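Student: The following feature annotations were taken from TrEMBL:
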type	residues	note
REGION	1-39	region 'Disordered'
COMPBIAS	21-35	compositional bias 'Pro residues'
DOMAIN	48-113	domain 'Beta-lactamase-related'
REGION	120-171	region 'Disordered'
COMPBIAS	153-170	compositional bias 'Pro residues'
DOMAIN	167-345	domain 'Beta-lactamase-related'
DOMAIN	366-494	domain 'D-aminopeptidase'
């Protein structure tokens, strides 16, 4: 049963034996003002039990998780194996790539440079004055810039920079689109302005002050630090080691252990400059609409009533998530070396920790209209929809499946990021996170596939050429551009 945290003395004493030391409570500043005075949490012993139940609920090779409150470690748990073949156990000190959680750390470095610039940097003026105007929106995926990722370690001949005729997908500041390129650019600007490498900046301005003793920038994901291996697959198909060949520096790239991430959460709580508090304020679009992403942080709600701020990380074979519930002073960290949804795991831990009721499961059967393919004429993208079982529909638009609950009717779906209504051949979709709404029309496929698709097509915006081969209903295609040649992909007639 939930009890007031202030009345639970065990909240300040974690129940795991393998945890980092933390500053005494007397060294911490007073709690910042909270919007919600009601702050309840289960006892530390119960939180430990919640964490120890996670492995059986979200099965995979291994993982680690922790819960903190007001900067104090309440409970932590590591389970399973970092390397199945070598039978190496997962521990709180096992390092994993934290992937896109790196983004918020880059922003903290940039803010720290603004607060305490090197003498050579200060002589040229303030940090904001030295950044291009576009960097303001570049700190968030609202710049409208196209995202590009080079998966090769180092191309034989570096591509010549040549700006695309239309480098933006939307006017800067008006819409959201998750864009790794923004943070890669910010990292390079930060290095140029400071005269230091991102690795040195992270070490001296974050990892050392925060006592993140084993955290480091490791851009080459093909040579991740031993012993942890990321795994693809499921218990049914079997788990196989994931192969990564990505280069990340700013958009991702940091490796850290659970012990490091606990120290990070404690540092954010006690940072006297409160830089994290500054970057975690609710962002907005240029039209004033509240945004759900800014400065490398997502703003969401758990159970529609508890606001959380944080970010996830994903790489082949790894899934991670960290967030804070400011109104309750609670932080949750989840690190997995397999591909279960870490955000779902973190949400489960938070709901159980705060004693939130389990939301009811909608029981309406989906309308048959959910089965089909629709066309978004503005973005010229496909929306594929299908029933997802009782009370659910599945929408695939942004490159992955998103589930909406059918709470009002069999044709009205909603989630924390989407609202969708399907009526016959028309789909109305509001992407709340993107600040974008549109109407898509159903595609009715021709009875006989056409044979005139084969050939070569050039896109000046993407600086890429698409080549199509095959015949009838079985076509193949690949892209070739300044980053090289891609593999053949199977194509499906719509």
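Even glycines carry a Cβ here, placed using N, Cα and C.
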Student: Helix, strand, coil residue numbers for the domain 'Beta-lactamase-related' (48-113) per DSSP?
Tutor: 25 helix, 25 strand, 16 coil
Student: Do you know the mean pLDDT across the domain 'Beta-lactamase-related' (167-345)?
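Tutor: Mean pLDDT across the domain 'Beta-lactamase-related' (167-345) comes out at 93.
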Student: By DSSP assignment, list the helix, strand and coil residue numbers for the domain 'D-aminopeptidase' (366-494), in that order.
Tutor: 3 helix, 74 strand, 52 coil
